[in-house]
Amino acid sequence: MVAVYAFNRAIVRRPARSAVLGLRSVDRGVPDVDALGEEHAAYIAALETLGVTVEVLPPLEEFPDSVFVEDPALVFSEGAILLRPGAPSRIGETAEIAPALRAAFGDVLDLPAPGFADGGDVLVMPEAVLIGLSARTDATGAADLVGRLERLGRRGRVVTPPAGVLHLKTGCSLLDDETMLATPVMAAAGLFPGFRIVETAPGEEAAANALRVNDAVLLGAGFPRTAERLTDLDFTVVTVKIDEVMKLDAGLSCMSLRWWAEA
Ligand code: CIR
């Protein structure tokens, strides 16, 4: 099986001008939509440079957070799962992303009502798929998702991340088959038995939502000490500016759905 961080296809959606109305739990300022568009374009370019063919969907003004395509769906080489995002303003994003997934995958499953699950709460690891309970992902949604994952040959495991994080992956990301990048708080939660954990540097917790893509780790720009920790461990780090993205409580995984498509 190819590594869970081997990707040759991705779907992204351009940010809408309505992104200024996107959900924000912490006020870090209103994002500048032009700068957000530039960050998004640079993100696409970074994926392409790493060997990923990117399908770019048009912006959706009626859904301010729809640039974060990771939340309404999950994708694997074996098929896709349409999710039910837990924020009322985002539930309609699933129907919007569905056509692109039906075109790309033979097998597209649905998460049934009434549960909710956001893709940001799902961390794909080599042996299991972690599903974090959160304000967006409830126990019913998580349990139903375990069943859907089984149908795609994947083992789901439900975990309870520390309180106060938006999504499981707000605080952690997979670096390789045995290494996890995590905030100190997430690292202390004991969610990753058997993994070597690299902690984000003090004050750089937002770096935790990194994205391993093929041979490189995409890391937000502006986290020099965390970048150094990764390069010291021989990871190839590619930095991407996400200042505007972070104002919307998001990071690098949130802006794409990624998978390995067999030729
Ligand atoms: C939201 O609150 O839903 C968006 N403003 C941010 C979504 C970030 N997505 C992710 O972490 N997967």
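Each residue, glycine too, has its Cβ placed from N, Cα and C.
Copied from TrEMBL, the annotated features are:
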type	residues	note
ACT_SITE	His167	active site, proton donor
ACT_SITE	Cys254	active site, nucleophile
BINDING	Leu23, Asp65, Glu70, Asp71, Arg90, Arg136, Leu248	substrate binding site
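Around Leu23 (substrate binding site), the same-chain residues six or more apart in sequence whose CB sits under 8 Å from its CB are Pro64, Asp65, Ala87, Ser89, Arg90, Leu248, Asp249, listed in sequence order.
Remark: His167 (active site, proton donor) has Asp118, Gly120, Asp121, Gly132, Ser134, Arg136 as non-local neighbours, by Cβ distance under 8 Å and separation of at least 6 in sequence. Same-chain neighbours of the substrate site beyond Leu23, Asp65, Glu70, Asp71, Arg90, Arg136, Leu248, judged by a C-beta within 8 angstroms of the site's C-beta center, are, in sequence order, Gly22, Phe68, Pro85, Ala87, Glu93, Asp118, Gly120, Asp249, Ala250, Cys254.
Leu23, His167 are the recorded positions among Leu23, Arg136, His167 whose C-beta comes within less than 6 Å of an atom of ligand 1, given in sequence order. Rounded to the nearest whole angstrom, the C-alpha distance between Cys254 (active site, nucleophile) and Glu70 (substrate binding site) is 5. Within 10 Å of the C-beta of Cys254 (active site, nucleophile) there are 25 other C-beta atoms, taking all protein chains into account.
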